[in-house]
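After the structure tokens below, expect a handful of questions from me.
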There are 2 protein chains.
Amino acid sequence: MRTITIKPAAITHNLNQVKKFAPETKVLAMVKANAYGHGVAAVLPALQQANGVGVATLIEALEARQLGWDKTIALIEGAFTVDEWRQAIEHDISCVIHHAPQLTWALEHTPPVHCATRVVWLKYNTGMNRLGFNADGVIVAAQRLHEAGYQLILTTHFANADDQTHPLNAMQIQRFNDMLSTLQETVSADVQGSLCNSAGIVNFPTHHHDWVRPGIMLYGSTPVIDQSAYELDLQAAMEFSAQIIALQTVNAGEGIGYGSRWLAQQDTRTALVSVGYGDGYPRVIADKTYVTVIDTINHQSYPCTVIGRVAMDMIVIDVSNVPEGTALNSKVILWGNAPRVDEVATHAGTISYELLCRLSLRPQRLQG
Amino acid sequence: MRTITIKPAAITHNLNQVKKFAPETKVLAMVKANAYGHGVAAVLPALQQANGVGVATLIEALEARQLGWDKTIALIEGAFTVDEWRQAIEHDISCVIHHAPQLTWALEHTPPVHCATRVVWLKYNTGMNRLGFNADGVIVAAQRLHEAGYQLILTTHFANADDQTHPLNAMQIQRFNDMLSTLQETVSADVQGSLCNSAGIVNFPTHHHDWVRPGIMLYGSTPVIDQSAYELDLQAAMEFSAQIIALQTVNAGEGIGYGSRWLAQQDTRTALVSVGYGDGYPRVIADKTYVTVIDTINHQSYPCTVIGRVAMDMIVIDVSNVPEGTALNSKVILWGNAPRVDEVATHAGTISYELLCRLSLRPQRLQG
């Protein structure tokens, strides 16, 4: 059985770690993309100490509301259409405003006084060049929104916050801080600021402003290139596992799987594991990628290398180091405490975020 | 709106293409992994002319039964436990038997006479070294299963059928054909054979035997390395699309997105598209990867390059070649007729199968 086990206690622990980095700051916990693949229904109860949640689509926002989240919900790309803007008002969703059409909708359709949509996350493009107004545009937008009765949170997004040494960071921070001061002086002293994602929370502790926006940290992966999840004391919020469904000995000289990619140098005891890219395990991985086998008989853990090509429904692992008595149906951990998803992602040439998000429907989902 | 549109007519067309390659042969249509990500409920009605469907897990088998599929369902890794074997009998599922424990379950728990589980797909390891008995083992298993009243289909799986010139193919074919003759002579003249997946159907037309097992062909991707889906007259069964949610001009010298990976050589008109790896679009792609923009105003199609890093919720594309009037909300085709998913997969360093399977829950699903 392929199984994804979500650990709410780990998420709560990780939120507390965020609060250690940013004790004075409100927390917008990112639960977009189905809570980075963890399942928003499983994750929200673990985030009760957050001040709000961030989502990428109106559907995700409505889902969080429907699940009973009654605090801030921020739609981080804003409404895509004027109809979505109207629905945001109806359901008390706060929106990012990042380009002219959204500004128009906000000015033409003002929410009631106590509606949460009165809070606007105004996006300033400080160097990511994806979403946001430029400097002139953001000042005009802030002025007009303020006059229309909106409360403003100036926000931007780092392009390279994972790498503390990247020169763009200082430039983005400078632009953001300058603009925030400008708006506070020229528009309203009440304009708030939100600059930091997970990487910014760790790397730029003096620039947290009013709201931080942790994402990947909450799920137990490291957001920075120079510190591991262990070093940041983040706990894995997901365990992805499967089981051994057959054992075999492959003779020296024989290949395994598609493309006969792996060739046995000696007679090798192998195990077939019921998981593949059809479940979300990445198809292209480095030769040293390992899984952890939990022997059903002695309950010991054994790191075992994945050999041959990952297929849609199965992988083969080398169980040479596992005692001969290893039983059929032993649990196999693809990622969790060991290996961490960060390690698997490195072996797959990507980042943990992608592995977590691209899980398929097939694995059964549990909470543990 | 991220949208996955499934085209049942394309699947039926592709099934007919299979039948052109293998006109005399029964067809086991592979619908494992949620029909290669297409959704088994959407796909089954398009496969009415198939003789059976193949799945990887008992849950998938039961889902197909529940959806009203009343013909053969083959569980291609067989039962994982004796309890699953019993459930297979209860729901008339035919199973692969590929190792000793499954043989024991079959001999100790024989299905009633008219139960479809009486048909066993006996797996012979001809060189894939993943599932299956070796030569001695398969003869013993066949004899014992035949004596217990089972009807046998000898089956094996190619490791390299996509590459017609790979030397292992001839060896696997030879071993399979020899064993099938042996079993027909020594066990029962009624033993049937099933050798070919999609690639085998195309590349080895003289070795189709009784059942072929098309998978990826049905969904419109090429199964072979030397012929495209166009050349094989296969139609794309899935269109994956999103929409433009913002337009921007990036100045020469500015970077875009995470890692500032793409640098504007000149002032460049860009568009933000509401899709990312959180939907299943691959994060790591070659620089030349393109999408097709359908202009909402003039309905023309424009190929546009993806620039900068694919993020969780959005990508940026270069719309320099699209008329200035391109409207917000234009449809953007990630894969479908152009580009085909095969092309995107090549740019992502993988195969179409993986892209199709690793789609997330977030895109809305339609039929078209």
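Note: Cβ is positioned from N, Cα and C throughout, glycine not excepted.
OK, TrEMBL features for this one:
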ACT_SITE  A:LYS32  active site, proton acceptor
MOD_RES   A:LYS32  N6-(pyridoxal phosphate)lysine
BINDING   A:ARG130, A:MET312  substrate binding site
DOMAIN    A:237-368  domain 'Alanine racemase C-terminal'
ACT_SITE  A:TYR258  active site, proton acceptor
If you count Cβ atoms within 10 Å of the Cβ of A:TYR258 (active site, proton acceptor), leaving out that atom itself, what do you get?
21
Pop the Cα-Cα gap between A:LYS32 (active site, proton acceptor) and A:MET312 (substrate binding site) into the table, whole Å please.
27
Neighbour count, 10 Å Cβ-Cβ cut-off, for A:MET312 (substrate binding site): what number do you get?
25
How many Å lie between the Cα of A:ARG130 (substrate binding site) and the Cα of A:LYS32 (active site, proton acceptor)?
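With the alpha carbons as reference points, the distance is 18 Å.
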Provide, as an integer number of angstrom, the distance between the C-alpha atoms of A:TYR258 (active site, proton acceptor) and A:LYS32 (active site, proton acceptor).
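Checking the Cα atoms of A:TYR258 (active site, proton acceptor) and A:LYS32 (active site, proton acceptor) gives a distance of 36 Å.
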Per DSSP, what is the helix/strand/coil residue tally across the domain 'Alanine racemase C-terminal' (A:237-368)?
16 helix, 48 strand, 68 coil
Quick check: in three-state DSSP terms, what is A:ARG130 (substrate binding site)?
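Note: A:ARG130 (substrate binding site) is coil by DSSP, not helix or strand.
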Mean pLDDT over the domain 'Alanine racemase C-terminal' (A:237-368): what is the value?
93
Residues with Cβ closer than 8 Å to the Cβ of A:LYS32 (active site, proton acceptor), same chain and 6+ apart in sequence?
A:GLY54, A:VAL55, A:ALA56, A:THR57, A:GLU60, A:ILE76, A:GLY215
